[in-house]
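A.B. asks: Pulled from TrEMBL, these are the listed features:
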type	residues	note
REGION	19-47	region 'Disordered'
BINDING	THR99, ASP173, GLU198, LYS228, ASP232	substrate binding site
DOMAIN	233-394	domain 'S-adenosyl-L-homocysteine hydrolase NAD binding'
BINDING	GLY264, GLU265, VAL266, GLY267, LYS268, GLY269, GLU285, ASN388	NAD(+) binding site
Amino acid sequence: LLYLADAFIQSYRFPPHSSITAPSDSDSADDEVSPREKMQKNSKGGSDFCIKNIKQAEFGRREIEIAEQEMVALMTLRKRARSEKPLAGAKIVGCTHITSQTAVLMETLAALGAQCRWAACNIYSTQNAVAAALAERGFPVFAWKGESEDDFWWCIDRCVSLDGWQANLVLDDGGDLTHCIYKKYPNVFKYIKGIVEESVTGVHRLYQLSKAGKLCVPAMNVNDSVTKQKFDNLYCCRESILDGLKRTTDVMFGGKQVVVCGYGEVGKGCCAALKALGSIVYVTEIDPICALQACMDGFRVVKLSQVIRHVDIVITCTGNKNVVGREYLDRMKNGCIVCNMGHSNTEIDVASLHTPELTWEHVRPQVDHVIWPDGKKIILLAEGRLLNLSCSTVPTFVLSITATTQALALIELYNATEGRYKQDVYLLPKKMDEYVASLHLPAFDAHLTELTDEQAKYLNLNKNGPFKPNYYRHVSAQSFRIKSTI
C-alpha cells in the first residue's frame with residue numbers, strides 16, 4: 001500500500017506533460033561543439049545567426065514573455081508608437097547583454113520599424129534560450145554563454161560586416177562595438193546617425209574620442225541620465241549583488257567583512273544590500289564627495305591596503321583598471337571571495353594570476369579557485385567580469401527604465417534634423433528622463449500631485465515639467481566631464 005501511495009503521489013506531482021526540463025547553459029553534450037562550427041536554421045529556413053542551440057527557442061520565448069510583464073514602459077512605448085514607426089528605415093547594430101530584457105527592447109525597436117543585428121558585450125551574460133528565441137523570430141544574433149575572446153570579437157565583426165546591410169545607428173554597452181568599427185570599419189561612420197552608450201566605460205571612451213577630436217558622429221550618454229544612474233545602477237545592483245554571490249558561493253553575509261571599491265551609484269547599491277544583511281562594510285574612494293557620502297551613510301572609508309588582509313569579500317565597482325592588483329591579491333586571506341560589479345573586466349588584474357606558480361581549479365560555472373604555493377586560495381568569480389549578469393539575473397523592472405531610455409535616445413538621434421547634433425557627446429534632456437519615470441508610475445498605482453498656477457509661477461516652472469534643471473545629475477566624477485546638453 002505504501003508503494004502504491006508513493007507511486008500515486010509521484011504521478012500526481014509530475015504528470016507526463018510537465019516532465020520537460022528547462023535547458024541548461026552548461027553540462028550538455030552540445031557544449032563540446034563551438035556554435036561557429038554548427039549549421040543551424042530556424043523554422044523559416046533562416047541561418048543569419050550564430051547561437052548555442054536553436055532548439056531552445058520555445059523556452060526562451062517564455063522567458064521573454066515573463067520579462068514583458070515587468071517592462072511596462074517599454075511595452076507602452078511599443079503600443080503608442082507602433083503605428084507611427086519612428087524608426088522606419090533604421091538599421092541598428094547593437095552590442096549589449098543578451099537577456100530576456102534586451103530581447104524585449106530589440107523586439108520593441110523592430111515593432112517601431114527598425115532592423116537589428118546584435119552581439120553580446122559580455123562573454124558570460126548571454127541567456128542561450130533567449131538568443132535562440134530571437135533567432136527563431138528572425139533576428140540576426142551572434143552570441144552564446146561562454147564565448148572565448150576570439151569568439152567575442154568574431155561575433156561583433158559578423159554584426160558589422162554583412163554585405164548589403166549598412167548600419168545607421170549604434171547601441172553599445174562598454175564601447176567594444178564602437179571600438180571595433182573605428183579600428184576595422186571606419187567608413188561605416190559615414191552612414192551612422194549616432195551612437196547610444198549606456199556604460200561608464202563606454203561613455204569614458206566617447207569623451208576621450210571627443211576630446212581628441214576623433215568622435216565623428218553624435219553620441220548619446222545614457223549612463224549619466226538620471227533614469228539610468230538613480231535606478232539601474234543603484235536599485236538593480238542593490239538586489240543583484242546578493243543574488244550573484246549566493247548563486248556562486250552560497251556565502252552567508254551576516255558578520256562577513258566586505259570591502260567595496262567605489263561609492264558611486266553601483267557601490268551605494270552594493271553597500272546598502274550587504275549592510276542590511278549584517279555585513280561589516282568598508283569603502284574605498286578617490287572622490288572626496290562620494291567618500292563623505294559613504295561616511296554619512298555609516299561606512300568606514302579606508303585604503304584597500306588597510307583591510308585587504310582580513311576582509312572576506314572584495315567587490316570592485318569603479319569603472320577603472322587595476323583597482324585590485326597582484327600585490328593585493330597576494331595579501332588576501334585564505335578563502336577570500338573576489339568579484340567585480342563594474343562593466344569592464346579590467347578592475348581586477350586577473351592576467352597577473354596566470355603565472356606558473358599559481359594553480360587554477362575550476363569549481364563550478366564562473367567560479368574558480370586560484371591557489372598559491374603555500375595552499376592559500378581565493379575564490380574568483382566570473383574571471384573578474386560583471387558578476388550579476390554573468391552569474392545570476394537582474395531585476396527586470398529596473399532594466400525597463402534603462403531600456404526605455406535607450407529606445408527614446410535612438411528615436412531622437414534617428415529623427416533629428418540635419419545639424420542639430422554635432423560630433424560630440426550629449427545628455428538626454430530632463431523632460432525625457434521625467435517621461436520615462438512617468439511611464440513606470442502606474443505599475444505602483446502612484447499618482448502625482450499637480451502644481452497650482454500660483455505654485456508654478458512661484459517656482460518658475462512649467463506645470464508639466466521638466467521639474468529639474470538640465471544640470472541636475474547624480475554626484476560623481478563623470479558629472480564633471482559633461483560637455484554638452486540637448
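Using N, Cα and C of the backbone, Cβ positions are placed for all residues, glycine too.
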A.B. asks: Where the record says THR99, ASP173, GLU198, LYS228, ASP232 bind substrate, what is the longest distance in Å from one Cα to another among those residues?
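C.D. replies: Between the most distant Cα atoms of the substrate site, 18 Å.
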A.B. asks: Between the Cα atoms of LYS268 (NAD(+) binding site) and THR99 (substrate binding site), what distance do you get, rounded to the nearest Å?
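C.D. replies: Counting only the Cα atoms, the answer is 24 Å.
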A.B. asks: Output the one of GLY264, GLY267, GLY269 that, of all these binding-site residues, has the highest number of other Cβ atoms within 10 Å of its Cβ.
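C.D. replies: Max Cβ neighbours within 10 Å, all protein chains included: GLY267.
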A.B. asks: What's the CA to CA span in angstrom from LYS228 (substrate binding site) over to GLU285 (NAD(+) binding site)?
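C.D. replies: Cα-Cα distance, LYS228 (substrate binding site) to GLU285 (NAD(+) binding site): 21 Å.
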A.B. asks: If you measure from the C-alpha of GLU265 (NAD(+) binding site), which of the binding-site residues THR99, ASP173, GLU198, ASP232 fall inside 10 Å?
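C.D. replies: So the list reads ASP232.
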A.B. asks: Give me the mean pLDDT over the domain 'S-adenosyl-L-homocysteine hydrolase NAD binding' (233-394), rounded to a whole number.
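C.D. replies: For the domain 'S-adenosyl-L-homocysteine hydrolase NAD binding' (233-394), the model's average pLDDT rounds to 95.
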A.B. asks: What is the maximum Cα to Cα distance, in Å and rounded to a whole number, among the residues GLY264, GLU265, VAL266, GLY267, LYS268, GLY269, GLU285, ASN388 annotated as binding NAD(+)?
C.D. replies: 22
A.B. asks: Compared by Cα position, which of the binding-site residues GLY264, VAL266, GLY269 is the closest one to ASP173 (substrate binding site)?
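C.D. replies: Comparing Cα positions, the candidate nearest ASP173 (substrate binding site) turns out to be VAL266.
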A.B. asks: Report the member of THR99, ASN388 (the binding-site residues) whose C-beta atom has the most other C-beta atoms within 10 angstroms.
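C.D. replies: Counting every other Cβ within 10 Å of each candidate, the maximum falls on ASN388.
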A.B. asks: Are there any residues in the same chain, six or more apart in sequence, whose C-beta is under 8 angstroms from the C-beta of GLU285 (NAD(+) binding site), and if so which?
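C.D. replies: Spatial neighbours, sequence-distant, of GLU285 (NAD(+) binding site): GLY262, TYR263, ALA291, ALA294, VAL301.
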A.B. asks: How many Å separate the Cα atoms of VAL266 (NAD(+) binding site) and ASP232 (substrate binding site)?
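C.D. replies: So the Cα of ASP232 (substrate binding site) lies 9 Å away from that of VAL266 (NAD(+) binding site).
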A.B. asks: Please identify, among the binding-site residues GLY264, GLY267, GLY269, ASN388, the one with the smallest Cα-Cα distance to THR99 (substrate binding site).
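C.D. replies: With Cα distances computed to THR99 (substrate binding site), the winner among GLY264, GLY267, GLY269, ASN388 is ASN388.
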